[in-house]
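Undergrad: Please see the structure below; I have some questions.
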Amino acid sequence: MEEGKITNLFPRLIREGRFTFLQEEIEKIPDLDRDVRQKHWEKSRDTLLHFAARHGQLDILRYLTEIVGMNIELVNVDYKRPLHEAASMGHRDCLLYLLERTAVVDCLKKADWTPLMMACTRRNLDIIRDLIQHGANPRLK
């Protein structure tokens, strides 16, 4: 598949939750490291894990980490990690999965925001509790 088509296709498939088609397309890629694992997309420079966490696509998140071998600590242009996305969007299943995979709970993005701080802006008590139970420091400023 041509570079331009991949650039538009993979994030769109994740947004739409089209796991099987995404998996089939990824399996065609000869250089997974360059074109999937280390690839950053769009202006935000998100990884495919960012898209999966933001859109609550747990099956895709699991596939990208366990089968494709993506690093859950990759950052985008704002230093956000997939954990920030899951926390801010309230996707508890994705958040818990990332925490179980030992995601850094107090990671900072630009402007020194942690996933806990982002969850607090959304007032999502379940997410806030989960982060604190996994060691998030509520006293960070």
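Just so it is clear, glycine is given a Cβ too, placed from its N, Cα and C backbone atoms.
Keep in mind that what you see is a predicted model, and the values were worked out from it rather than measured.
TrEMBL lists these features:
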REPEAT    111-141  repeat 'ANK'
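Mind running through what each feature is packed against?
TA: Here the repeat 'ANK' (111-141) has, by DSSP, the following mix of helix, strand and coil residues: 19 helix, 1 strand, 11 coil.
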Undergrad: Excluding the flanking five residues on each side, which residues at least 6 beyond the ends of the repeat 'ANK' (111-141) place their CB within less than 8 Å of a CB in that stretch?
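TA: For the repeat 'ANK' (111-141), the sequence-distant neighbours (Cβ-Cβ under 8 Å, at least 6 residues beyond its ends) are 81, 83-84, 86-90, 92, 95-96, 99, 105.
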